[in-house]
Amino acid sequence: MRQGSIPGAHGRVRPLGLLGDPVLHARCAEVTDFGPELAALVEDLFATMYAAHGVGLAANQVGEAVRVFVYDCPDDEDERHLGHVVNPRLVETGGVVVRGPEGCLSLPGLEAGTERYDEAVVTGFTVAGEPVTVRGTGFFARCLQHECDHLEGRVYADRLTGRRHRKLMRQVARASWHR
């Protein structure tokens, strides 16, 4: 039997920022107030992520330039990882670099082969201010690195070069959501 509420059950679905929105391309500020507004933001992030069928979502993707992300993401063994991190730090990456398909709720409908390590460790805090360490492998490691990138003002397209980058940018230009 499940203990506690389902993440996002009390949150509201917020509009998603899209590639080109300034908040997506600037480093986010550290969270200093671990109060009810932060808890409400985490609930909103979960609600928005689930509504968009995502596996992770950073606060700046809903217009909040603070260092918070949520996730509900499987690893390569299909083990589910569910949680959030406030003021995350990507403290370790390792294993091998794998080029795999990567998408983003801020570039809807698009994906590109993006290189990421297959192991990652993130430290940070919960909404209650308790320290947390999250370890990921495979797809979940990719998710952790992707969300940490968002909070630094980067999207996966920024990691692409050459032909892959040009191809993705052509797809962005043709996308119905592109301004």
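Quick reminder: no glycine exception, Cβ is built from N, Cα and C everywhere.
Pulled from Swiss-Prot, these are the features on record:
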type	residues	note
BINDING	CYS104, HIS146, HIS150	Fe cation binding site
ACT_SITE	GLU147	active site
Practice task
Whole-number Å only: compute the distance from the Cα of GLU147 (active site) to the Cα of CYS104 (Fe cation binding site).
Solution key: 10
Problem - Helix, strand or coil at GLU147 (active site) [DSSP, three-state] - result: helix
Exercise for the section: Within 10 Å of the Cβ of HIS146 (Fe cation binding site), how many other Cβ atoms can you find? Include all protein chains, please. Expected result: 25
Handout entry: Environment of CYS104, HIS146, HIS150, the listed Fe cation site - residues of the same chain whose CB lies within 8 A of the CB centroid
Key = GLY56, ALA58, GLN61, GLU102, LEU105, SER106, GLU147, ASP149, VAL155, TYR156
Fill in the blank from the handout: Cβ density check for HIS150 (Fe cation binding site), other Cβ within 10 Å (all protein chains) comes to 24
Completion exercise
Within 10 angstroms of the C-beta of GLU147 (active site), the count of other C-beta atoms across all shown chains comes to 24
